[in-house]
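Below you'll find the structure, written out as structure tokens, and then a few comments.
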């Protein structure tokens, strides 16, 4: 029997509606019949839901105001909220829904976007950041997962005890709690995933009443859930696959039912396509409409987008440019494939190879991007004094740097970074008045053109012509790729000359163009501003490529095989002898893994018995267990196994949607093995398991809430050596947390970096401490306080800075301007979580 399906035999003799057997929902489970809507819950269920929700509010939201500083990836998602409020375009690898919710919460709290969230540990209190209400987005959605889990198990036809157990396990799962207390995306992701599963369960319960009101409601709400989930993170695509496979399975069975006419089958198909395809896509598009609408201004994400896209942003427009390009034209040349920016040079040399002047790609408009197009030989009369001579396909040119007067040059020397035989160094060589040599010669090869401008097929024209530059002597093409130069190259993108490189990386076009002899009425051109759909498709393509490119190692990354065993966590925050460390509840985590194993073993035995010819006739209840456990197991697989195919960075929190399915499976397995026991014994077993889970929750609660802990208790909690929360952070005993700290400083204005201040037999290590005033007091009573400075564990990894030129590229005035610009436009953080 396939996973997630039930026996479709023994149908009613006449087709009126679907039997509950269609999805393994046995008609003998009379308790399910009352659940035609949420209002149909029993009094006991209502009391359970209220009680569970109240406890969940306390567990999830307890001291949510602590820490009072930026924690972990609040750096990114709080920072995105600030950029939303400033209207400055940014690029993130995740869809916008959760970030919009966080921004909306910030607006309700009076946030004006001036706080940047740029560093872990930045104080929220002094600048009056409404961080609590922003954290409540995750907190409230985290609370809602608990009643949703209860309803999912209950409405699937399982016992009240199983539903209570499952929702309680979700409630006291440490990792889920930690993620729901901060300005992060995973709590909304899990909440919307759980909501989608609940709506699908409701729909399956209505399968025997097709096309009635509630059938349409739950089917449409499933589509809404899919749209919300995928609009938070692309992990929602796995949820779409889960619902999609379940839908295909149902339609396949309908197709084989002779009582379902072709017209009726088509009606079923259209209904599902409308609700499960059109609604999610519409919601996904809608959230990007909002995203673009509130980000109208140029910002830190511009460099990731095409020039056409950038023209739609305020502050990034370009004036009309002359269409025709001639010898003597001053041009800015852009790379097509990598969005790396403009062909660029500056007064800095390579440290190796020829040690000649660097050639790079640079993203920002700058005089060092300008090149004068020259003929093979210098003319007797300068091109600036003669009528324009147009440049055609196969013309040989030289490119003279307008600022440094050096020409683009290549030779049989390996590049300083990409040291490969098929790559040649590209440099700027020569000086004003120097005639140069044949290594400066490049042949123009037009590869594409604007179909509305036929002349751009044979003539080099601004924006309309795409071309390659072939080095005449060495036979290579001017090339760039997503490789950055080290600090000596200001982390700009490498330019080389390649013989057998990726073809699209050798394509260029001219963006700006000027020539002193072009008349004022010369034909001009500009970028065509794309509409919403083109912007949407481009942004999602960039999101995908950037997300796939996050392959660097990270101190806290992990692979999927380790997740199910909980061998690794993530350090979120460490300060004031406290820390927050993402780690699941080991008992719940390992129990869920055991439930997965039990299902696999049981299913394997069932399949082998069928192959051996044993006829196991399941009664309705056993069939019900097999059907629903198969469906939930499929959800676990589809949210977990795809990560094994990914080479990008992965972290423990990527397992959370799968963990939710695994915990649901615990409830089903519990009912399976206890269904013959009396309610009393079932309750006793559930209570024992739940009490043990709560006890384990309390053991690790200090690293959820950033609470006080001692070195000894911390070491005892290290059940696995690979759990690398830092026990030395904590005091030796709890009394030290109550000790006051006193240091007397008179007539001081002190900046101390890593200094030891001794007072009252105490040793305090202070980083970047500013103390001013006369008679300021800090008491220390026999304590050892260590201020731990900490970087974002993802900040340096998820920063994609393809277009950053650091100080030192231009003269002092330009350097000062760049420094000021850098302060106003911080580098874009690209985050994978």
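Cβ from N, Cα, C; glycine included.
Non-local neighbours of the transmembrane segment (38-62) in the same chain are 136, 139, 142-143, 146-147, 150-151, 154, 160, 163-164, 167-168, 171-172, 177, 180-181, 705; each lies 6+ residues outside the stretch with a CB under 8 Å from one of its CB atoms. The transmembrane segment annotation in TrEMBL covers 38-62 (among others).
TrEMBL lists 129-149 (among others) with the feature transmembrane segment. Long-range contacts of the transmembrane segment (129-149) within the same chain: residues 49, 52-53, 56-57, 60-61, 64-65, 68, 74, 78, 81, 98, 101-102, 105-106, 108-111, 115, 163, 166-167, 170-171, 176-177, 179-184, 186-188, 190-192, 194-195, 198, 660, 663-664, each at least 6 residues beyond the stretch ends and with a Cβ under 8 Å from a Cβ of the stretch.
If you look up TrEMBL, you'll see 155-172 (among others) marked as transmembrane segment. Among residues of the same chain six or more beyond the transmembrane segment (155-172), those with a C-beta under 8 A of the stretch's C-beta atoms are 25-26, 29, 31-32, 35, 44-45, 48, 52, 55-56, 59, 145-147, 149, 198, 201-202, 205, 585, 588, 591, 624, 628, 660, 663-664, 666-668, 670-671, 675, 679, 682-683, 686, 689-690, 693-694, 697.
Residues annotated as transmembrane segment in TrEMBL: 184-203 (among others).
The annotation transmembrane segment is assigned in TrEMBL to 215-248 (among others).
Long-range neighbours of the transmembrane segment (269-294) within the same chain, counting only residues 6 or more positions beyond its ends whose Cβ lies under 8 Å from a Cβ of the stretch, are 84, 87, 95-97, 100, 211, 216, 219-220, 222-224, 226-228, 230-231, 240, 243-244, 247, 251, 532, 535-536, 539. Marked as transmembrane segment by TrEMBL: 269-294 (among others).
Feature annotation from TrEMBL assigns domain 'MIR' to 322-376 (among others).
Averaged across the domain 'MIR' (388-447), pLDDT for the predicted model comes to 91. According to TrEMBL, the domain 'MIR' annotation covers 388-447 (among others).
Residues or ranges marked as domain 'MIR' in TrEMBL: 457-513 (among others). Sorting each residue of the domain 'MIR' (457-513) by its DSSP state yields 8 helix, 29 strand, 20 coil.
Residues or ranges marked as transmembrane segment by TrEMBL: 587-608 (among others). Sequence-distant contacts of the transmembrane segment (587-608), counting only residues of its own chain at least 6 positions beyond either end whose CB sits under 8 Å from a CB of the stretch, comprise 1, 3, 169, 172-173, 175, 564-566, 616, 626, 629-630, 633, 636, 659, 662-663, 665-666, 668-669, 689, 692-693, 696.
According to TrEMBL, the transmembrane segment annotation covers 628-646 (among others). Nonlocal intrachain contacts for the transmembrane segment (628-646), taken as residues 6+ away from its ends with a CB within less than 8 angstroms of a stretch CB, comprise 2-5, 24, 156-158, 193, 197, 235, 238-239, 241-242, 245-246, 560-561, 563-564, 596, 599-600, 603, 654-655, 657-658, 661-662, 664-665, 668-669, 672.
Here TrEMBL flags 652-673 (among others) as transmembrane segment. Long-range contacts of the transmembrane segment (652-673) within the same chain: residues 145, 149, 152-153, 156, 158-159, 161-163, 165-166, 169-170, 173, 175-176, 179, 186, 189-190, 193-194, 197, 235, 238-239, 558, 560, 563-564, 566, 568-570, 582-584, 588-589, 591-593, 595-596, 598-599, 625, 628-629, 632-633, 635-636, 639-640, 643, 685-686, 833, each at least 6 residues beyond the stretch ends and with a Cβ under 8 Å from a Cβ of the stretch.
Marked as transmembrane segment by TrEMBL: 685-705 (among others).
Marked as region 'Disordered' by TrEMBL: 790-833.
As annotated by TrEMBL, compositional bias 'Basic and acidic residues' applies to 793-809.
Here TrEMBL flags 810-827 as compositional bias 'Acidic residues'.
The DSSP breakdown of the domain 'MIR' (322-376), given as helix, strand and coil counts, is 3 helix, 28 strand, 24 coil. Long-range contacts of the transmembrane segment (184-203) within its own chain (CB-CB distance under 8 A, at least 6 residues past either end) are made by residues 35, 72-74, 77, 94, 97-99, 101, 137-139, 141-142, 144-145, 148-149, 151-152, 155-156, 176, 214-215, 218-219, 221-222, 224-226, 228-229, 232-233, 235-236, 239, 243, 246, 635, 639, 653, 656-657, 660-661, 664, 833. DSSP assignment over the domain 'MIR' (388-447) gives 3 helix, 25 strand, 32 coil.
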